Amino acid sequence: MSQGASEVPLSALRLKYCERKDAFLEDNIKVKNPFCVFRDWLELALKTPEILEPNAAALATVSAEGRPSNRYVLVKEATAEGFTFFTNYGSRKAEDIKSNPNVAISFYWLPLRRSVRIEGVAEKISADDSLKYFHQRPRASQIGAAASPQSQRIPSRSYLDDVEAAIKLELGPDGEVPLPNWGGYLVRPDLIEFWQGQTDRLHDRIRFRRGGGVESEVDGKLVHKGEDGWVYERLAP
């Protein structure tokens with residue numbers, strides 16, 4: 001493709017990242033547990049006004065046929081158990097998870113020049129917990145979830161408007177919205193990687209892993225013992 005006068009040459013884009021003095025070092029990690037590091041990084045993201053949705057993350061799944069898919073979700077809980085998001089259980093992501101529960105999640109906080117990569121296994125949370133969260137949502141969001149057959153073909157935008165109107169008419173102004181085929185997934189991670197961009201492109205990458213006998217790999221040079229069954233290591237950028 002020829003480059004027109006108004007086209008931006010993507011190869012020339014250069015964003016300034018962190019300087020060497022601000023490198024992310026192992027000594028910066030007071031508690032060698034990735035959930036503690038994530039909590040600290042998330043806290044800073046929450047306090048950064050330029051980051052409008054610090055809980056937005058890209059979720060990657062793989063279908064039964066081995067076809068990958070990626071989309072953004074809002075992570076609604078991050079605990080020592082893992083990371084929780086909600087969706088329609090008939091959606092493409094839900095169908096993928098049903099056949100292959102191995103997923104990946106990526107946060108990217110541009111103003112901080114930081115990213116977190118997570119790999120793990122997704123499992124449905126309890127119906128009671130899904131119902132509890134569903135009714136914490138704004139009523140309009142509840143009705144929207146009930147009206148949308150997520151990822152399914154529909155004839156038009158007006159179709160959704162008509163279904164939404166019918167639900168509102170049926171429930172009235174105060175009727176409780178019944179839980180549709182919708183709920184949460186908990187992603188239990190076995191890998192969490194922290195990335196911080198450096199202007200010289202020698203980016204910082206520190207990866208935590210657990211499970212599968214990883215503690216036997218600890219040698220104090222390349223693989224280090226963390227806490228609660230985790231090990232950590234630095235990766236080349």
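Every residue, even glycine, has its Cβ placed from backbone N, Cα and C.
TrEMBL does not curate its annotations; it predicts them automatically.
Residue counts for the domain 'Pyridoxamine 5'-phosphate oxidase N-terminal' (51-160) under DSSP (helix as H, G, I; strand as E, B; rest coil) come to 32 helix, 41 strand, 37 coil. Taken from TrEMBL, the feature domain 'Pyridoxamine 5'-phosphate oxidase N-terminal' covers 51-160.
Computed over the domain 'Pyridoxine 5'-phosphate oxidase dimerisation C-terminal' (182-237), the whole-number mean pLDDT of the model equals 97. The domain 'Pyridoxine 5'-phosphate oxidase dimerisation C-terminal' annotation in TrEMBL covers 182-237.
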